[in-house]
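Pulled from TrEMBL, these are the listed features:
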- 67-77: compositional bias 'Basic residues' (COMPBIAS)
- 87-100: compositional bias 'Low complexity' (COMPBIAS)
- 107-117: compositional bias 'Basic and acidic residues' (COMPBIAS)
- 136-147: compositional bias 'Basic and acidic residues' (COMPBIAS)
- 1-63: domain 'H15' (DOMAIN)
- 58-177: region 'Disordered' (REGION)
Amino acid sequence: MIMDAIEASNDANGCNKTAIAKHIESTQASLPPSHMTLLSYHLNQMKQSGQIAMVKNNYMKPDPHAPPKRGRGRPPKAKPQGDSSHVAVPAPAPSVSSPRPRGRPPKAKEPSSEVETKVAAPSGSGRPRGRPPKKQKTESEAVKADVEPAEAPAGTGERRGRGRPPKAKPAMVPVGC
């Protein structure tokens, strides 16, 4: 029915979906209520299969002399014809039954190297890698910190509290005394 409607239009530019629907409605006595949905579906199917061509929202018969339209992306490589002059030589079988996996191969594991990696390996300077662990306070240091938390002399090397120290306020001098 769709091909009959396109042929009946006799238009060089083809005909659109509404013209096809009107032609089918005029020729057919009884149509289902979902006629437009079915028409859209079949037009898309015929367009995908190459039975009809769509140019500027108009459907027409494809030109038999026109070259086929290319799809998106890079075309596949041309496969060589099965000529008798070209005899396929089988490639030598690889030593491993499966092809090489993708990515970087894993490091070889040796039983002696596992023990060494768990122990901190010394670098060229004689110190282990990374940040050193925090040292625990002894009881005498903890008691001293609790007793004298206020101002500590700068030369003693005691640690300050966390954060920025409070701003020193100037002493207020009474006026008129």
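Think of each number as a place in line: the chain as shown, counted from 1.
Glycine too: its Cβ is placed from the backbone N, Cα and C atoms.
All annotation found in TrEMBL is predicted automatically rather than curated by experts.
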Go ahead and report the DSSP secondary structure tallies for the compositional bias 'Basic residues' (67-77): helix first, then strand, then coil.
0 helix, 0 strand, 11 coil
Mean pLDDT, the domain 'H15' (1-63)?
86
